[in-house]
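Undergrad: Here's the feature list from TrEMBL:
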- 1-33: repeat 'PPR' (REPEAT)
- 140-174: repeat 'PPR' (REPEAT)
- 175-209: repeat 'PPR' (REPEAT)
- 211-245: repeat 'PPR' (REPEAT)
- 246-280: repeat 'PPR' (REPEAT)
- 281-315: repeat 'PPR' (REPEAT)
- 316-350: repeat 'PPR' (REPEAT)
- 362-396: repeat 'PPR' (REPEAT)
- 397-431: repeat 'PPR' (REPEAT)
- 433-467: repeat 'PPR' (REPEAT)
- 468-502: repeat 'PPR' (REPEAT)
Amino acid sequence: RTYNQIISVLASAGRMEDLDSVLSEMVDRGCSVDLEAAADLVVSYAKSGMVDRAQGILSELRKRELTLPARIYNSVFKALDRMHRFQEVFEMVEELIEQENFVPEDSTADLLVRIYCKGFAVDKGAWFLGRLVNAGVRVSAKTFVKLAESLCKAGKEDIAVKLFDRMGANGAPEDIHTYHCVVDAITSFGRIDHATAVLEAMEQSDCCKPDTVTYTRMIDGFCRRGELDKALVIYSRMKNSESSPDVVTFGCLINGFCKALKFDEAIIILKASLDAGLEPDEITYSSIIDPLCNLELWDIALVVFELARQRNCPGSIYLYSRLMNCLCKAGKIEEAVLLLEDMSHGRKHSGQALGGEVCKPTLVIYNNVIDAFCQENRIEEALQMAKAMEEQGIGADVVTYTSFLRALCKVGMVDEACKLLEMMATSGSSFPDVIACNALVGAFCSAARVEEACNLLRAMLEHGIEPDDLTYTQVIGALCASKRMEAAMLLFEYMKVANHTPKLTTYKELMLGLYVNGSLQDA
């Protein structure tokens, strides 16, 4: 008895060397280890990573045909799990079931199911769980859900649904959260059709009817797959139930129809939402405006945006930015400027500020408008916009200056562009990047100012601005045009050494230069 008490104390303290000494002394004196001390030994060895010794003691205990506490099995299974020796766990469980009709306790059952999932043996996990249900072992709903997720991931969602059906018989709690977890597990792997079986089970249940969240997740699953007819069927069932659609439900439907470019249906759903007294948020309006902008249906996008304003939906930064960017690309700069003024001055509509403190224009938004003016060579208006930006406390960055630099180069004001680049280089916050430099390199080359283009290329390398394929190709083309073929070939070789793969346009410039300069064979 004393030895067994000592073993328990040493095992709890993890003093493995002392344990070995006491065990050796016990053997010499013919003393045996009782069940409680043996259990402590197994747990201690398993925790210490000495799982083989733990298994050896467990094997000896099993020969005594004793009812072993769950902590013995759990410690060995956990140790094998930590070492990723999953196959040994599976073999041990099968042996226990075959030889001893092993029925684990609840905690052991949960642990083993998780190990089956972790070891990618979901078929064995389902088989094992089936035996547990038949034996009346109570497995937690969390364990059911974990196995269901693993089965769905393995493409065996039909087994997952059957498994779910057995939860009630097993006594696992059928709460709404568990149902949601199972629906999520099935739909997340694109098996939405199988999730309808779970929904039907809920609709037929007396204690756990589907709620708004359940229906909405089903609707969202079908919308993501583009199965809008099925989404509408679920929507109809939802309206006929005790659950009512909410803003998220309508948002899922609107987003689904817009992605399918079915804007008429999306507007009908939007109207239904408004009739139900549910005001869509900016995310829902964005889901309509976004695809309209992608299709260049600017006028309709503006109508939807105006509707959002009339319904007192404050425009988000994203909504303003997206719409203004699209308008700028379409050349509708004046409309973009009006939206920018809304944001800048917090224009009021129906008593609610649109923009204001919560939706001030950002540097990115200003840059989009400035760049649009610059692309149309409206440099004065771009400068006015930059001034307005500074008045808002927003400083220009390299993107802002690059837009002006491109515009100056485009209208032939290369010297002014050169001064702007020099100013950027001395600025602490707007140091030029390769895009800005390429604009001026291209302008020098177009104006046959080859030496200045070469000097700028050297300056880029000296200041740590890595030239790209376009930089090299532009200078190579200019050198070829000025009949400096040797320099062009040297730069071509340097380009390759610098790990820049020449593009087709690079080869075309060289071949044309060689041909024009009488080196037809080299070309």
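Using N, Cα and C of the backbone, Cβ positions are placed for all residues, glycine too.
Keep in mind that TrEMBL annotations are predicted by a computer and have not been checked by a curator.
Help me see these features in their spatial surroundings.
TA: When pLDDT values are averaged over the repeat 'PPR' (1-33), the model yields 77.
Applying DSSP to the repeat 'PPR' (175-209) sorts its residues as follows: 25 helix, 0 strand, 10 coil.
Away from its own ends, the repeat 'PPR' (211-245) comes close to residues 176, 179-180, 183-184, 187, 190, 192, 195-196, 199, 202-203, 252-253, 255-257, 259-260, 262, 265, 273, 276, 278 of its chain (Cβ-Cβ under 8 Å, at least six residues beyond either end).
Long-range contacts of the repeat 'PPR' (246-280) within its own chain (CB-CB distance under 8 A, at least 6 residues past either end) are made by residues 212, 215-216, 219-220, 222-224, 226, 228, 231-232, 235, 238, 287-288, 290-292, 295, 300, 308, 311-313.
Residues of the repeat 'PPR' (281-315) grouped by DSSP class, helix first, strand second and coil last, total 26 helix, 0 strand, 9 coil.
Counting residues 6+ beyond its ends, the repeat 'PPR' (316-350) has Cβ neighbours under 8 Å at 282-283, 285-286, 289-290, 293, 296, 298, 301-302, 305, 308-310, 356-357, 359-362, 364-366, 368-369, 371-373, 376, 378, 385, 388, 392 in the same chain.
DSSP assignment over the repeat 'PPR' (362-396) gives 26 helix, 0 strand, 9 coil.
For the repeat 'PPR' (397-431), the DSSP-based tally of helix, strand and coil residues reads 26 helix, 0 strand, 9 coil.
For the repeat 'PPR' (433-467), the DSSP-based tally of helix, strand and coil residues reads 26 helix, 0 strand, 9 coil.
Long-range contacts of the repeat 'PPR' (468-502) within its own chain (CB-CB distance under 8 A, at least 6 residues past either end) are made by residues 434, 437-438, 441-442, 444-445, 448, 450, 453-454, 457, 460, 509-510, 512-514, 516-517, 519.
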Undergrad: Could you count the residues of the repeat 'PPR' (246-280) that DSSP puts in helix, in strand and in coil?
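TA: So the counts come to 26 helix, 0 strand, 9 coil.
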